[in-house]
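Engineer: Sharing a structure here in structure tokens format.
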Amino acid sequence: MPLSGMAIAFKASTSACTAQQLWGHPTRDQCQHGFTHLNERKSRKGSAALHARAIPGNLDLDFGDPSWKQKYQEDWDRRFSLPHITDVFDLEPRLTTFSLKKNSPLGASDASSPDKWNGYVNKDDRALLKVINYASNTSAGAVCIDPDCSWVEHWVHRAGPRKEIYYEPEEVKAAIVTCGGLCPGLNDVIRQIVFTLEIYGVKNIVGIQFGYRGFFEKGLKEMPLSRDVVENINLAGGSFLGVSRGGAKTSEIVDSIQARRIDMLFVIGGNGSHAGANAIHEECRKRKLKVSVVAVPKTIDNDILFMDKTFGFDTAVEEAQRAINSAYIEARSAYHGVGLVKLMGRSTGFIAMHASLSSGQIDVCLIPEVSFTLDGEHGVLSHLEHLLETKGFCVVCVAEGAGQDLLQKSNATDASGNVILSDFGVHMQQKIKKHFKDIGVLADVKYIDPTYMVRACRANASDAILCTVLGQNAVHGAFAGFSGITSGICNTHYAFLPITEVITTPKHVNPNSRMWHRCLTSTGQPDFH
């Protein structure tokens, strides 16, 4: 399959899971968590008897079975086990070359003694994915598995350096590639991957230019990387290696990896790039190549499943404040001013929601996960009328993927296979102008789209720290022998996750969550139905 089709395949697998369905029972649970909700049937006595069945992964559970929880957790452990090169090769590990004690490397004196603290992560360490024990499935944001909302532990592998590794560092050739669109923090991740590889002892590190295209495009040569080369690249935005969407067939890329004798491939990208990385991993396994493919989650949309946040998101929210503040000043300074800001978010409204919350200047926030109407007594435009009458101005924030059901759909796709969205921001601007003209009310509309300003800026302090840890953990994961994995922050802890699980569906804003409720409390907006 061509990597340019990875996003298409990913979208197709979740085509039944629209934003509304993901959080409207019962489809939500089946799409996002792999299990269906409860089915009620009448017993012979007429009382309602619960017959609940779940389908986590390929497992069919009957909640009437006393051992259902054990079966569920066994299936969870199976799904979240990490692919390892020893699944294919019969290899013995060696002691790591990664040492936090520069004057006392592992293997010297008693540094490797199990009784000594050495800063390594035990292979059996786990992090808990969820920590809230919901008492009822009616609790805000509740995601329950069974009728009683039983507590079920979801453990994932803790990320970090292991005491044993499966590669000889001096023999390793490592490659780094950045895919998709720009995102704050790309250079920070590249920098930390190089730094950490050198600490392990790797001398042969290369950058693949302009995404997956660098594997097959003539004239795009490998870029040698070292600490000296990448020392200050984090001081600028963009990607030091360049980015592009789409690519060649998976087999052609693996041909290139094989020809270049690459042992470790670090793929920095979003959902589509993760799907591509997993396809490369599977093809390498099929050919019995000892190659570790490790992904690093990059998306300012914050839409990768199971992760608290992805790098670039915090910076995007912070940068969005500048646009919102400008819109606020323009609207506040004009007679009947309307400030309209469109922020990124193809299928998710995380940036719009968090930017609205943090700014405190937004009167209406519209996101893809929550349907709304523009016209009519309870529509958005009627509410804007009310705001102009009562406070004299208003500020509206919309995610780019909001309101797509109100626009003419396009079947066109970009190079990554993503559907090209209709421009709801421009549509909203035109609707506001036309509405107030039709009712004879002056409205001074100022429209701001800061998309490329948000993408191209340098990572802020929060994202820089996240990028640093993710870059380091990617290298730790590769040397530990894992492949087909990604590293993320889950419930405030850093974890390794199998790529196959994180690409099953995008993460969405839950309209029943406390965070969305907080946003509504801040904006004071009604339901637009």
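Glycine is treated like the rest: Cβ placed from N, Cα and C.
Just so you know, TrEMBL annotations never went through curation; they're auto-generated.
According to TrEMBL, the protein has these features:
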- 174-476: domain 'Phosphofructokinase' (DOMAIN)
- G181, R245, G246, G270, N271, G272, S273: ATP binding site (BINDING)
- N271: Mg(2+) binding site (BINDING)
- G272: site 'Important for substrate specificity' (SITE)
- T299, I300, D301, M344, G345, R346, E400, Y452, M453, V454, R455: substrate binding site (BINDING)
- D301: active site, proton acceptor (ACT_SITE)
Engineer: Near D301 (substrate binding site) in space, meaning Cα within 10 angstroms, which of the binding-site residues do we find among G181, R245, G246, G270, G272, S273?
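Structural biologist: Near D301 (substrate binding site), where near means Cα within 10 Å, the binding-site residues are G270.
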Engineer: What count of other C-beta atoms do you get within 10 angstroms of the C-beta of E400 (substrate binding site), across all chains shown?
Structural biologist: 24
Engineer: Cα-Cα, whole number of Å: S273 (ATP binding site) versus G345 (substrate binding site)?
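Structural biologist: Approximately 17 Å lies between the Cα of S273 (ATP binding site) and that of G345 (substrate binding site).
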Engineer: With T299 (substrate binding site) as the reference Cα, tell me which of the binding-site residues G246, N271, G272 is the closest one.
Structural biologist: N271
Engineer: Using the alpha carbons only, what distance in Å do you get between G345 (substrate binding site) and G246 (ATP binding site) once rounded?
Structural biologist: 20
Engineer: If I take the alpha carbons of G272 (ATP binding site) and E400 (substrate binding site), what is the distance between them in whole Å?
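Structural biologist: Cα-Cα, rounded: 19 Å.
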Engineer: Relative to the Cβ of R455 (substrate binding site), which residues of the same chain, six or more apart in sequence, are found under 8 Å away?
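Structural biologist: Same-chain residues close to R455 (substrate binding site) (Cβ under 8 Å, separated by 6 or more) are G181, L182, C183, P184, I300, A316, M344.
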Engineer: Please give the average pLDDT for the domain 'Phosphofructokinase' (174-476) in this predicted model.
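Structural biologist: PLDDT averaged over the stretch: 93.
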